[in-house]
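Positions annotated as transmembrane segment by TrEMBL: 7-30, 302-323, 344-359, 365-382, 424-443, 449-467. Look at TrEMBL and you will find 145-185 tagged as region 'Disordered'. Annotation source TrEMBL lists compositional bias 'Low complexity' at 168-179.
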Amino acid sequence: MFLKTSFTTLIVGVFVVYVLHTCWVMYGIIYTKPCDSPRGDNCITPFLAGKPKLQLSIYASLQSNAEGGHTLIHKEENFDVKSKFERIVNVSLPKKTRNNGTLYALIFVHQAGLNPWQDPRQVHSVVQLTTYMLPKPPEISLISGEDQMQGQKQEEQKKKKQRDGNLATGTGAKAGAAASPDHPVSHWRSRLTLNIVSDHFLFDREYLPSDVHRYLRVFQNGKKMVYLPLLFVDELSNRVKDLVEINGTSTELPLTICYDSISLGRLRFWIHMQDAVYSLQQFGFTEKDADEIKGIFVDTNLYFLALTFFVAAFHLLFDFLAFKNDISFWKQKKSMVGMSSKAVLWRCFSTIVIFLYLFDEQTSLLVLVPAGIGSIIEVWKVKKAFKIHVFWKGGRPTFLFGKLDESERRTEEYDTLAMKYLSYLLYPLCIGGAVYALVFLRYKSWYSWLINSLVNGVYAFGFLFMLPQLFVNYKLKSVAHLPWKAFMYKAFNTFIDDVFAFIITMPTSHRLACFRDDVVFLIYLYQRWLYPVDKTRVNEYGISYDEKPKGKPHKE
């Protein structure tokens, strides 16, 4: 018991040190020491302090260095760095870009009335307007065989009867045939987010932050050092949902240009986060994997990000402690008295279904890997619950099931009775949902329909399979057989999930699943109050807490 407590204490101590260290690092990122030199010899003053007249010009080019020509796509005259705006422009795509090529945007902030290519006081940044991703597989109606593209073409033909429908269909078919689902194709980034630091901050040359240094352009003005506006292109706002696939018929695509001023602390934080995402991509993370991380930071203020970090850190701690106690409980479990084996089997089945669904949807590895590990652990629990022993003979496995004692048979009877009543409600709902999806929705394949139907059943009606354990508790009038430590840690995580259920982007079915677990857990708590633990009873480990120590009889 002491070793277990000390190990938990060690983990909590490491967690506290980690949180404090992260807070110190975050403070170092957000806070920048200003120049306080009395003579100002070491100070770098902002160019914006002189209130110059500026202009924003954005060009499109096939090369990042503008070789081979460039085209002006937007010009913002009388550009005010403190005024937020959003513009939508149509960008013509060159032939090379339409043929699975790339396109770059060259952003200039320069003095008004001057050519940005000849202005010595200009700042510029180059960003890629296209990225490569695997095309999304077409979804079809499994009954009629009609895919989504065909449905869209039929609607367009009805609206535009004056056009030649056969020509339009042929062109679209050729464009669709050119894109192979196994090869990455060029996608259009439909958003371009720009920021400029509007603070008139005085930098100290001796304490110049390294992260800001690469964005800093300095020139000598007499005896003073002056830095030009800090221009930052926010690539964290480029989400996968905003990408548009480019094909041979895409001659022009819209681009949303968003501008807003930014503080120096937020700029430094954004630079670190953007570098972290870039590093993950260098280690093999795909655009979709990185998008999961970007979603945490986009459209969020720093205070909410700090709250998200602390809550996520506690979520990770409770996850680890729940995992540790759950494994310890099942590792020492010898008897299934009072435990619903059907609930364990269902939990294993539902975890595997969710893993296969996430794999079919090509979900980020950040979500897929933990789901896969959870599936393996649930399979191990099923092996323990049903007392399955595996023997290998000649390369072929042989399964041997253990026998149940009298108490376990009684628990199994209650468990089977609960499942019988539950099946009257569960099976019609699942079958009805699957038939509805088959008729009215589109899927990539029959396998995709099967996995989606199963996972919808898990999300919508999965909590019903928690009810057999409640029924067994009611019949036995006891809850002493449950792993309450693991339950409590999972309960904390459930309430944390409730807080973020309507903040973090997630499927609606998963969002509702967070709240349905609360109801079942509250019933568990009520049963724990209703059926207090009898400390004189021997538990599943053979221990009685009120058992008197055995000793030799005393002779009078």
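A Cβ is built for glycine as well, from the same backbone N, Cα and C atoms used for every other residue.
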Is it the case that the transmembrane segment (365-382) and the transmembrane segment (424-443) have 3 or more CB pairs under 8 Å, with pairs at least 6 apart in sequence?
no
Using Cβ atoms only, state whether the transmembrane segment (302-323) and the transmembrane segment (344-359) have three or more pairs under 8 Å that are 6 or more apart in sequence.
no
For the transmembrane segment (344-359), distant same-chain residues with Cβ under 8 A (at least six beyond the ends):
367-368, 371-372, 374-375, 378-379, 381-382, 385-386, 451-452, 454-455, 458, 462, 465
State the residues, same chain only, that lie 6 or more residues beyond the ends of the transmembrane segment (7-30) and have a CB under 8 A from a CB inside it; answer 'none' if no residue qualifies.
211, 265-266, 268-269, 272, 302, 306, 309-310, 313, 317, 320-321, 324
